[in-house]
Amino acid sequence: MSSLNPAQSQAVKHVHTPLLVLAGAGSGKTLAITHKLAHLVRSLYYTPESIYAVTFTNKAAREMKERAGKLMGEEAVRLNVSTFHTFGLNFIRQEYKALQLKRSFTLLDEDDSMAMLREAGNLGQLDKQVLFALRHEISNWKNALLTPEQAMAIAKDKDQQLAATAYAAYERTQRACHALDFDDLILLPAACLRDNLDIREKWQDKVRYLLIDEYQDTNGAQYELMKFLAGTRAAFTVVGDDDQSIYAWRGANPENLNILQQDFPKLQVIKLEQNYRSFGRILKCANTLIANNPHLFEKSLWSQKTYGEPLRVLSCKNDEDEAERVVNEIMMRKMRFNLNWKQFAILFRGNHQARLFEKALIEKRIPYKLSGGQSFFAKAEIKDVLAYFRLLVNEDDDAAFLRIVNVPRRDIGAVTIEKLGAYAQRRHGSLLPSSLELGIESELNGRSLTAVRQFAELIRRYAEQARKGDALEAVNELLKAIGYEGWLYEQASSPKVAQSRWQNVQDLVSWLGNHINHPQDPCDFEEAVNRLLLRDMLERSAEEDRNADEVQMLTLHAAKGLEYPHVYMVGMEEELLPHHVSIEEGNIEEERRLAYVGITRAQETLVFSLCKTRKRYGELVHCEPSRFLTELPVDDLQWDDQRNQSEEQKAQVREDRLAALKALLDD
Ligand code: ATP
Ligand code: MG
């Protein structure tokens, strides 16, 4: 523990009262949590199983466990380190009976839950945007732990009453299908602990020490969950930075820092003030920017590192030029200083910005990793096969049923589905079992009935095989039985496309196998499917190769908690950062925090870029520099406007690039 500074070491050792570590970016909050895990086990003899740590992403959880492993050895694998949502899922799997769920409950992804809401609320014609807003409203209620009845009681106007009615219908359908959405993973455990003394005591006994990273982004339901777990013993450490709260739209509440003090009067607060991440100038710029926001708590952050070069601003003609220049810059810096690709990150506000950068990187044959873009799990073939998996573990999963009843084609028409749906609704049942009931025989004609029943029987047959025998074998046989590979070839525009889709399916199956046969944590088919689905919902990205040498591309939101030697923050324009929706809603402070998160990811160099014009929805629009650029100290920025360069300078730049490109191709 010698490398920790006195405040950090105090944070690690403090266990007798609840603790809040409130500190700015890069001050070692996450590091302190990791050390504390080791300290609890090695010095205070907690069993690893009794320690629960909550992080913001699965990736962060994996890294924390790994680093804890370096400090405390093998026992680290027994620690409970996860996201809130994974914690919630594990909780629900253990307490499904108390929650009146079947063991094989289903998880809905965002698309599924929108579809279910549309169906349940009879919202067939509703515009997608409006439906989305409605889903969001319901999500807010769930995050505040409000039931549909309570939502109705507080509804302020007719629109909200309609939303509350839709919420009620949606929840009824969810319950009938044993289907949970993202919010339920927090809501159900929190409500269960609140309403159930036995279970509460049991869990408070299990969780001997609780640690939470990125506390500023916990929402109401997560806070309640935390409170019930901590109980009166209140053995917990939470760490956070109110200046990095960037999820207000998801119900996160920086005031949680204040509430904590009220709910736990014995709360001790430790501040960390030394930044170990960034060169001095970067830190100064970050501090200057965030000083424009009002502050609940005063913090000051300093660094012992060198001051570093000025932050550059690349002012580009248009978005294509921007991508080209940023990629050229990266290429040149890598060559000049003999760096690795993975030391570079391109950060942007929205995923749509990534495309041109990808194009430029591909053209230069530079390896890159795009996090959270068009993900593996968003691909149609993956969603199809996952829907089969879901139906195998839960035959009441109507959303899955509807997705695949005609994939591959079985000539089951819309009228048949509609009649089956009406029948199931009358009987308060779900689609698959309903199709096998006697009563449905009088509703459907012979051919349709046979087609639907054959499908239902197929699913039941393989579900049984997966349960009782070798699940992987069952899955492979099912795919063969339905001729899925052939179907992909039929559907695809070229054999090459089909081939890559089939490869994706095989990757998914082998991934399922990895979960089932996981060396430390093997599980049954059902659990493996749930893990796949959860991963889908939380990360929406394929398994990443952490050691690959690739330029990192990610959104500012996804970059929270991470750090890179060389950061490129692109699209520094009004309407993009701050985002136009936030400008309209007058929510500039949150956008400023987002910019602060971006700047504080950089360790050594930081480059901004912006365009004069950009294509937006196919239209060329004029762009203004982001107000956040003007809030930074003038002397620390170096504007690099190509128009102001002499012909000589331009020629030099072109030559440098050519040399860099050549060296790269020779590599
Ligand atoms: P963020 O708010 O961005 O999540 P953080 O407060 O969690 O930042 P860490 O990621 O824990 O900060 O630490 C930032 C960097 O500083 C890491 O590279 C970490 O290893 C390093 N660091 C932290 N404390 C020390 C220390 N006492 N000595 C040396 N390096 C340190
Ligand atoms: Mg951190």
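Each Cβ is built from the backbone N, Cα and C atoms, and glycine gets one as well.
Fair warning: this is a prediction, and the values are worked out from it, not measured in the lab.
Database features (TrEMBL):
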- Ala23, Gly24, Ala25, Gly26, Ser27, Gly28, Lys29, Thr30, Arg277: ATP binding site (BINDING)
- 2-279: domain 'UvrD-like helicase ATP-binding' (DOMAIN)
- 280-561: domain 'UvrD-like helicase C-terminal' (DOMAIN)
Of Ala23, Ala25, Ser27, Lys29, Arg277, binding-site residues neighbouring ligand 2, Cβ under 6 A: Lys29
Position of peak Cβ density within 10 Å, selected from the binding-site residues Lys29, Arg277: Lys29
Site with most surrounding Cβ atoms, counting all protein chains shown within 10 Å, from the binding-site residues Ala25, Ser27: Ser27
Within the predicted model, mean pLDDT of the domain 'UvrD-like helicase ATP-binding' (2-279): 90
CB contacts for Ala23 (ATP binding site) [other CB atoms within 10 A, all chains]: 26
Shell list (ATP; ref centroid = CB of Ala23, Gly24, Ala25, Gly26, Ser27, Gly28, Lys29, Thr30, Arg277; cutoff 8 A): Leu31, Asp241, Leu272, Asn275, Tyr276
Site extent for ATP, whole Å (max Cα pair distance, Ala23, Gly24, Ala25, Gly26, Ser27, Gly28, Lys29, Thr30, Arg277): 13
Per DSSP, three-state class assigned to Ser27 (ATP binding site): coil
